[in-house]
């Protein structure tokens, strides 16, 4: 049997990193990446790319922890190398501050990030409205650089990349044996998955190069994440909103909330306002499916629904998706040898 | 009552401001003047990276530790003010690295969040087996000195761009008190064998992905002889030169290579950083800061001198504590009804 033809749908963080894991695990498999959008126009480009996990209600914690650990280790190894500036990966330290005592004093990821500890009273003095806090060092993946770096690695591995809007996975069944669905929020239309819903986030990109530490309000709504060329100020969490255009009132509100955490931001120049629709789901859909019409079959691996936590778990879920692709190949080879009997 | 400050680096300007703050309302005829042959951006202070950090060992000098503490707390108080950006003041976190365990520094409770490095963190720095993490302050003199200058000018302090050849020269002109903030060249006004230049050379690069300071220590070769990396608001400073007795302010190719190679070994990603500037400066090194009164001269050319020089590589770190101490010395001079006219 010839090497199975694999298509990956989606060129955001999940599509690119999944394609990379597959080609690393299965170097002889021809892989094609198909997507309607590419960087800088994906949801991933809007995100700050901070490795601070969000909790999926319906995924076991030990699985989420494993995904985060794999992702953190993978990026940590790159952060020690000469490639780190090209890849857009950098270490950043900072604080998560709470007005009320946090539900989770010791989150599941606290032993994976670096130097996690409660903030001292002296540190909390900088945040007069907050009474509790956690200090740690984590990693940040700046986009577009990180996505462009992934694309470069894919091309070096011979992965074909084609712009294409896929309206229905079945349309790929004659050209490909296995399709890996990393369509993100696009999966709502593509799969009709009603469990997937957008959570709209608006962010500001500002020029404030003196901000070297991150600050995040534990309620998740207000955050300041310093990147390589800009600082991301956020944000909003609007469930079921599909509005992609920025709202000026929201811009002012985000700016004010961030200035109350970090007053020096009053002097920051706003260089952009962007909106992303987090592809939210109670659990990441990471599973196989067989589509068929009559005798024809198409093996699908789904890897979507990462919501607000995509960056934190991307490598871990990509590796799992690559394992599922392996299973698909084994299934194809099994049925092909059965066909020969 | 004419008080002349000689020197317009961080010590001279901050001492002038402190004196004005303290006495202008109490001594109506107080007239402050600043004399210098070099102003920002050509002073020694302008070349310093601006990190608040004392030396790792204080040799039991409690007085200097107190001045450091006063400076940190004074700056921390300005951190959330609207002026912070204009002052060049911001928080920064980072690493101090050693090849063997060392005692905690005198300033561990002054900085924020001081702790030892975890084994995971030490993996980032092969060759170093022990270290500290803390959050401190940056005070960039290319911003701070103009800020001080503006405040002084607004208050009617006069500036004179000229080289003062002797204390007597000013007394003869009617100055009553001279505050000697002449840094490394104090010996030209009054010989002081304890004062030596400690030459440093730095390279400034564009490396905006570096968000932490990294300072290595070699307990045998001494302070600042081991590579250090300090990210500023625009450029990142690479250094690691400390040459006592060397008066040259010319950049040396050998020192350039030494700094470049050692810093790139510490942070391999720096190899991709663009070199923007190079600078050499002379730290005014002395076994301890000279901060004391002295009566000088005779007849018409007699007056009081307050010495405030010899701050080595920690001028920014200690400046405000020393400014206040110098102001207190002026207070005692005023109290005594000195000097004679």
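Keep in mind that glycine also has a Cβ here, set from the backbone N, Cα and C atoms.
As annotated by TrEMBL, domain 'FAD dependent oxidoreductase' applies to B:2-329. TrEMBL lists B:37-38, B:44-45, B:49-51, B:164, B:182, B:312-317 with the feature FAD binding site. Marked as D-dopa binding site by TrEMBL: B:53, B:217. Annotated D-serine binding site per TrEMBL: B:228, B:283, B:313, in sequence order.
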Between residue B:182 (FAD binding site) and residue B:228 (D-serine binding site): CA-CA distance (Å): 27
Alpha-carbon spacing, residue B:313 (FAD binding site) to residue B:283 (D-serine binding site), which is rounded to whole Å: 6
Distance check against residue B:283 (D-serine binding site) for the binding-site residues B:44, B:49, B:315, keeping those with Cα within 10 Å: B:44, B:315
Proximal residue to residue B:53 (D-dopa binding site) among binding-site residues B:37, B:44, B:182, B:315, B:317 (C-alpha distance): B:317
B:228, B:283, B:313 excluded, remaining Cβ within 8 Å of their centroid (D-serine): B:48, B:198, B:200, B:223, B:224, B:239, B:242, B:312, B:314
Number of other Cβ atoms within 10 Å of the Cβ of residue B:182 (FAD binding site) across all protein chains: 27
Greatest C-beta neighbour count within 10 angstroms, which of the binding-site residues B:44, B:53, B:317: B:317
Residue B:317 (FAD binding site) to residue B:217 (D-dopa binding site) - Cα separation in whole Å: 18
Rounded Cα separation (Å) that holds between residue B:182 (FAD binding site) and residue B:217 (D-dopa binding site): 29
Rounded to the nearest Å - Cα separation of residue B:51 (FAD binding site) and residue B:217 (D-dopa binding site): 16
Surrounding CB atoms that lie within 10 Å of the CB of residue B:51 (FAD binding site), all protein chains: 22
Cβ packing number for residue B:228 (D-serine binding site), 10 Å threshold: 27
Among B:313, B:315, which are binding-site residues, the residue with the most C-beta atoms within 10 angstroms of its C-beta: B:315
Rounded distance in angstrom between the Cα atoms of residue B:217 (D-dopa binding site) and residue B:49 (FAD binding site): 17
List of residues, in chain order, with Cβ under 8 A from that of residue B:49 (FAD binding site) and at least 6 apart: B:138, B:140, B:202, B:230, B:232, B:237, B:239
